[in-house]
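Participant: Just lifted these from TrEMBL, have a look:
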- A:12-32: transmembrane segment (TRANSMEM)
- A:52-77: transmembrane segment (TRANSMEM)
- A:89-107: transmembrane segment (TRANSMEM)
- A:127-148: transmembrane segment (TRANSMEM)
- A:160-185: transmembrane segment (TRANSMEM)
- A:197-220: transmembrane segment (TRANSMEM)
- A:236-258: transmembrane segment (TRANSMEM)
- A:278-297: transmembrane segment (TRANSMEM)
- A:309-331: transmembrane segment (TRANSMEM)
- A:360-381: transmembrane segment (TRANSMEM)
Amino acid sequence: MADLYALRSKNRLYYVLLAIAGLVVLAGLYAVHMMESHGHIITGMNNQIVWGLPHVFAIFLIVAASGVLNVASIGSVFGKAIYKARAPLASLLSIAMLAGGLTVLMLDLGRPDRIIVAATNFNLTSVFAWNVVLYSGMFSLVIIYLWTMMERRMNPWNKTAGLAVFAWRFILTTGTGLIFAFLTARQAYGSAILPPMFIVLSFAWGLAVFHVVQTVIYAWNEKTLDADILRRKKNLLGVFIIGSLYMVTIYHMTNLYFAHKSAFENFILRDGGVFPDMFWWGYIVIGNLLPLLLIYVPGLGKAKCVMAASLLVVLGALSLLYVFIIGGQAFPLDIFPGFEVKSTFGDGQIASYHPSIYEFLLGIGGLAIAFVITTVGVRVLDFMPHDKPYVAD
Amino acid sequence: MSDHDTQRRQFLKTSLGAAAVAIAPGMLLFDTAHGKTEADSSKVRWGMLIDTAQCKTGCNDCVTACNKENGLSGGTLPTDSQWMRKIDIKDISSGRETSLPMMCQHCEEPPCVDVCPTGASFKRADGIVLVDRHRCIGCRYCMMACPYKARSFVHEPLHDQKPDVPRGKGTVESCTLCVHRVDKGQQPACAQACPNKAILFGNLNDANSEIAQKLRSVASVQIRADMQLNPGIRYQGL
């Protein structure tokens, strides 16, 4: 009877969690309603900081949605059994985060009611328009990929679908990086290193999210992840963190080397107040060094350490995106190189940005959408990884 | 020919006639409303030559005229639309100070048009870069891409708009080179308002126009010429 009681209270807890997430989604929709009726004046965004907190959340979700599929690709494309067992969960997470991220991006538009215009008018030179195709294509492909895994008769197509998803997500994250890489006039952006940087970042962020969700699912079902599997996944996460740290370092080093970008680098890395703080403490220490310690220091690296490391990687990701997106716009655009400038429109001045509660609610609403899709998906379909007795492959 | 056929022909003739009568006044009105259509042709490239030596620090007449003409509030909060602004610049090495108006530079290769997902940002055949307010979804990518920070996003609901200058909350806007005036054969409001005649407006493609002749005789620069966007607005004395 005690078991039944425990089961019932767990069931109740499930619905409570779902209801809380539902309320967060509703709060996000309320924020959208407010932004729709009052305009973006109620956000902290302005004519200098045109993309704000919603974009930080949205880009995190979209980049992580692509990266989480790495788990599936290692299974389907490279044939590793322990990853293959996790491909369905990875695909579900990808769909969930893509849905959350795209919802935030769409609802932050000045005219979200005109989304049909975006769907029917394509400017072929616009990387935004390409991304509309890339995101919707990704959605459909991952659904097909899931179908080939979960429907036995479709199994023969699994490898093909896996390959297609593998290729598509590389192109998709390239597209996300290109949004910034094509902004040639801005000191912070306009660099060919951004698409590969986003791809490597996506690996680390996606795996971190995957690990958090997997740990929660195992705990919920009172199961323990095989120690060997945990070791392999934690080492992979470590490698991805080192890889992303490398890419971010190269991005800043190249900028530092260019004389015309050194003022921007001094701002973002040293003098820019909240931005260097978030970069060094938020991204480098919390998002990289601490996770690496938790993973690699002898005696650490247990399940709880890896879970903590994964959560820290997510926090670091949000810090990095805040610095990259908002810090990148806060630094004044250099319209007159070699001149001191001033005007009524913020020329030559560091732009200020104070995110409002509405932007925060919209961003968190996106996370909640991803949470709802994942929890409902895991509840109604079989996304639990089924490991065969472990064989090193 | 059967009686039936004759009736049908008669019916078709009458319908066509009725349709023509119904459409004709509309077509005429449409033509009238559009004014001169020859302005929008690739034979013309509208541009400006701004003589910074004649532009006085502290004088804001062009900006005021722009705001009045286009129904802008004239506010200078970070969320207010500023289609045109005065920038005071100081050469760091020599200390020489200059003042100049800055607005959409009406590039031949406009980055805003390249990045716009829906094609709302577009360039007319005569070189004027505009935003189609019915197509703009308010993504602000063009604002990120513009090297001159020439665009503003409408952050609040608008009231009392000018009939010639449609605007809308949630869309992006910028200097239209007073396209509604130019199409009527007039000068942009800023050029007309400048007390020192520092802004010379005209057709860059017409070798005999005043602006083309002056561009041949004086040294002028394009701002951020390194980006090779070939803006239609040129500056003299920088």
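Quick reminder: no glycine exception, Cβ is built from N, Cα and C everywhere.
Note that the structure is a prediction, hence the values are computed from the model and not measured.
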Participant: Return yes if the transmembrane segment (A:52-77) and the transmembrane segment (A:309-331) have at least 3 CB pairs under 8 Å (sequence gap of 6 or more), otherwise no.
Facilitator: yes
Participant: Using a cut-off of under 8 Å between C-beta atoms, tell me which stretch among A:89-107, A:160-185, A:278-297, A:309-331, A:360-381 contacts the transmembrane segment (A:236-258) the most.
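Facilitator: Checked against A:89-107, A:160-185, A:278-297, A:309-331, A:360-381; highest Cβ contact count belongs to A:278-297.
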Participant: Establish whether the number of Cβ pairs under 8 Å between the transmembrane segment (A:89-107) and the transmembrane segment (A:309-331) reaches at least three, counting only pairs separated by 6 or more residues.
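Facilitator: Contact between the transmembrane segment (A:309-331) and the transmembrane segment (A:89-107): absent, because fewer than 3 Cβ pairs are under 8 Å.
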Participant: Would you kindly check A:127-148, A:278-297, A:309-331, A:360-381 and say which stretch has the most C-beta pairs under 8 angstroms to the transmembrane segment (A:12-32)?
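Facilitator: Counting Cβ pairs under 8 Å, the winner is A:360-381.
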